[in-house]
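Structure first, then comments.
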């Protein structure tokens with residue numbers, strides 16, 4: 001077998017992992033974020049000022065927000081179930097130090113802090129959990145697209161061939177979910193009168209970079225005979241095309257139907273598509289098509305997975321628009337957000353029950369077809385991760401109330417209380433002075449993902465990844481992610497946003 005054939009076989013015919021292992025892995029990013037936030041608060045408590053050094057801030061963010069994820073999906077994957085407990089214990093130890101220091105200084109009693117926490121007013125215009133969710137999906141995807149070519153990345157985490165729940169299968173759906181959370185239909189002010197098809201017009205203009213990247217990826221992969229897994233999307237299709245068409249189709253549907261009924265359109269679309277899969281020969285066509293997948297027999301046959309899975313991804317996108325609209329409902333206090341978390345927990349329970357029902361009555365999860373089970377699974381896990389980030393933010397808000405004036409970048413701010421007196425004016429100033437890797441990546445997310453793809457291709461061309469040893473693999477993965485993060489950090493420091501569409 002040629003090197004190209006070896007790498008294609010290395011990422012083919014896989015079956016995914018368990019729902020429990022994926023859920024456990026999703027707890028790691030919020031715990032890493034919590035640990036980093038608590039350390040920044042502890043630093044402020046000891047020094048009376050925030051960590052303002054860009055060099056040390058980048059190293060701290062990379063070591064706490066990125067490096068643990070690299071280890072957990074490679075050499076530490078056999079003990080993945082223990083890692084959340086280790087991180088949680090570390091967070092508890094740091095919080096204990098903060099609380100004991102506050103207690104020695106004779107601050108307000110704990111019960112008073114709890115009451116103040118529940119009544120605290122948060123900035124209603126900013127929900128950091130959405131930003132953090134989108135950035136971490138990008139980071140996790142960037143890690144996986146290169147790590148999957150190394151033997152230290154468990155095969156069960158890679159994309160499943162037909163049925164199964166791989167970590168990378170979830171990443172595809174999470175990208176759709178994250179894009180929908182900030183789409184024009186969600187960000188549009190509810191009382192603003194705009195033409196009905198204005199969002200569609202903006203989407204037509206905004207998706208051309210995705211189409212350009214899709215064409216560029218297609219031409220580059222074919223020209224250098226780069227290894228590819230044809231059954232993912234087809235011969236000519238790729239995820240850039242999927243994301244562009246889903247955004248356009250969703251804008252068209254949301255211009256026709258009321259956006260506050262997006263979940264109903266999503267449910268109808270997903271159920272109808274599943275009925276077609278179950279009652280017609282559509283499933284057989286997607287999975288088998290014509291033997292040999294000869295593109296001369298038709299563009300649809302050659303790219304059947306990419307084209308027909310659009311229905312499932314569109315359903316995910318529309319349902320995610322509904323989630324975005326729900327998140328942006330006016331909530332000014334911690335107490336109201338705690339109530340929102342209870343509603344989120346009920347939605348999670350309903351989705352988990354629906355997932356079990358779908359798998360029992362129809363078929364297992366299949367990213368290749370983007371069936372009803374896949375849509376339900378993606379929504380359930382994305383809501384779980386989003387809920388984890390919301391909890392993390394609230395925990396950091398509570399800790400900041402213990403240490404007056406402490407600030408954590410990409411975390412909720414406590415704004416003016418009802419009496420009009422500013423209680424934490426220093427917090428906003430400190431937050432603005434603190435550099436942050438999450439903010440840096442968020443400013444240039446598409447560039448970050450593009451650089452990850454380019455560097456992944458370069459590494460695969462230059463290195464025999466399949467036969468790499470563990471130490472070498474970890475060095476390459478850390479260097480790859482650090483270079484990408486460093487470029488984003490430099491651009492952020494110079495306030496450069498490479499976006500002109």
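FYI, residue positions are counted from 1 along the chain as it appears here.
Just so you know, glycine gets a Cβ as well, placed from its N, Cα and C.
Of all ranges given (428-445, 446-463), TrEMBL attaches the label transmembrane segment to 446-463.
TrEMBL lists transmembrane segment at one of the ranges 56-73, 74-91, namely 56-73. The stretch that TrEMBL tags with transmembrane segment, taken from the ranges 207-225, 340-358, is 340-358.
Between the stretches 307-328, 395-416, TrEMBL puts its transmembrane segment entry on 307-328.
Range annotated as transmembrane segment by TrEMBL, chosen from 184-205, 470-491: 470-491. Here the transmembrane segment (237-257) lies next to the transmembrane segment (307-328) in space: the count of CB pairs under 8 Å, restricted to residues six or more apart, reaches at least 3.
Sequence-distant neighbours of the transmembrane segment (446-463) (same chain, 6+ residues past either end, Cβ-Cβ under 8 Å): 7, 138, 141-142, 145-146, 149, 209, 213, 217, 220, 224, 226-227, 476, 480, 483-484, 487-488, 491, 498-499.
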